[in-house]
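Everything below concerns the one structure shown next.
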Amino acid sequence: MTIDSLPGSSGYLDMYPERKISLFKNPYIMGLTIVAGIGGLLFGYDTGVISGALLYIKDDFVAVRESSFLQETIVSMALVGAMIGASAGGWINDAYGRKKATLLADIIFALGSVVMAAAPDPYILILGRLLVGLGVGIASVTAPVYIAEASPSEIRGGLVGMNVLMITGGQFLSYLVNLAFTEHEPSVVFLYSVLTVIQLLDMQVPGTWRWMLGVAGVPAVIQFALMLCMPESPRWLFMKDRKTEAISVLTKIYDVYRLEDEVEYLNSQLEEERQKKRDVRYLDVFRRKEIRLAFLAGAGLQAFQQFTGINTVMYYSPTIVQMAGFKSNQLALLLSLIVAAMNAAGSVLGIYLIDHAGRRKLALSSLAGVIVSLLILSGAFLFGSSDSTGGLSGWFAVIGLALYIAFFSPGMGPVPWTVNSEIYPEAYRGICGGMSATVNWVSNLIVAQSFLSIADALGTGPTFLILAGIAVIAFVFVSCFVPETKGLTFEEVENIWKERAWGNGSNTQSLLEQRNES
């Protein structure tokens, strides 16, 4: 059998087009993706719910109301936890498997939710935020890799994009819950959660923010129960020489003809990958050119995803809406709910586009729109007044937010996570995935911890102008450093980095092969 006739080459599907798998053809893959994606739901819910809860935390705690630094710390402490969780998550994934890493993340997240809901003061609340962040950080590394390793190459981008849809869906759910708890008693909140967008009542719920944050533990418990029934990643099982279990999983993904070829291919890769795994070192990510180039592209995408302002918009969108002149908490949450709904809808579009338009083209078109949207936002605050209630400038700010989400969510939302799940060699996928996710969380922390302070010091308009400038730099970065990986197998993507590092000659070798010969 030639190289092009093996599943390890994209030419395989050109030779056997009847063996292609469409995105919704296999219910088993979809079920696995959705269950794993609940980790994304946790990520998204926590990102969104704190923006609404913060409005009411300030009402309960005078110290929080009087300190922008304390507000930023409550938001950003989850990011500190996520940084730690993501840093450890790569090692946990490689050592114990994707399934056990997910179960651990669920336990930590649920514990953090209980601590937040019961917090008697801002400092216990901050501790709960740290625990929740730990869970989210581990999940953010695990879910994309787990989904990617179980996915056929032709639909891998769309399936990893489903995880991003769960993130944006969680953000939408959080705003719906924010508004629901604002308007209704907890005992009927779920019954009336949809009606709250059109039915406004006058009464307020005591301890509103506690319910908002406490409900976050429910998806974690659900995922924990469902994940017990899910398999381990077949690639990880092969790496651990648990072939029988791996083949059992692959049987549910591929038809009998492609299954035989997939197993043959994984067997051919097994000894080489096991040798690589024994030789893996963290320093190789920076010392060896081909891995360094891959990590630069992956980590750069993660950093620019945050520095172009997405989680500023999601964390602080109610506050931004109030800055634009809409002073009512309820109206701010309602307008933010619309923004979150657009974010989720854009992610659905991204699932289609990422395997059709391609990762690179999608990222570039997304960034072009983001630049225009941030300029509109900046202009709305620079030339308008936030002293009036709403007004033309206020509506321009809301339109700018909506356009920003419309451009960002189909492109720069899913592309960084998809690219990072597929650009690293098998031996480095856990390490580099964890490190790049850590870059995402560090960048997230910097933006979240500084946005309100910078806006206070420079003004909201100049702050958005700075973000627009960063988006221009991101456009140039993607153009220069991010290759197209649409439809390629993991091994073909690895060869891209070999060629970029060592040229197109036939003598290119992997970094581990070089070390073994030295």
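For all residues, glycine too, the Cβ spot is worked out from N, Cα and C.
Under the heading transmembrane segment, TrEMBL lists 28-57, 69-91, 103-120, 126-147, 159-181, 209-230, 293-316, 331-355, 362-383, 395-419, 431-452, 464-482. Positions annotated as domain 'Major facilitator superfamily (MFS) profile' by TrEMBL: 32-486.
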Outside the transmembrane segment (431-452), six or more residues from its ends: residues with CB under 8 Å to it: 68, 71-73, 75-76, 79-80, 82-83, 86-91, 93-94, 137, 140-141, 144-145, 280, 282, 285, 291, 294-295, 298-299, 301-303, 305-307, 309, 311-312, 315-316, 319, 416, 420-421, 424, 463
Contact call for the transmembrane segment (293-316) against the transmembrane segment (103-120), three or more Cβ pairs under 8 Å: no
Contact yes or no, the transmembrane segment (159-181) and the transmembrane segment (464-482), 3+ Cβ pairs under 8 Å, gap 6+: no
Intrachain residues whose Cβ lies under 8 Å of the transmembrane segment (362-383), provided they are six or more past its termini: 301, 308-309, 323-324, 350, 353-354, 393-394, 396-397, 399-401, 403-404, 406-408, 410-413, 415, 459-465, 467-468, 471-472, 474-475, 478-479, 482
Surrounding residues of the transmembrane segment (395-419) on its own chain - C-beta under 8 Å, 6+ positions past either end: 144, 148, 156-157, 160-161, 163-164, 167-168, 297-298, 301-302, 304-305, 308-310, 313, 317, 320-321, 323-324, 326, 335, 338-339, 342-347, 349-351, 353-354, 359, 362-363, 365-370, 372-374, 376-377, 379-381, 384, 440, 474, 482, 485
Considering the transmembrane segment (69-91), which listed stretch of 28-57, 103-120, 126-147, 209-230, 464-482 counts the most C-beta pairs under 8 Å: 126-147
Interface present between the transmembrane segment (28-57) and the transmembrane segment (126-147) (three or more C-beta pairs under 8 A): yes
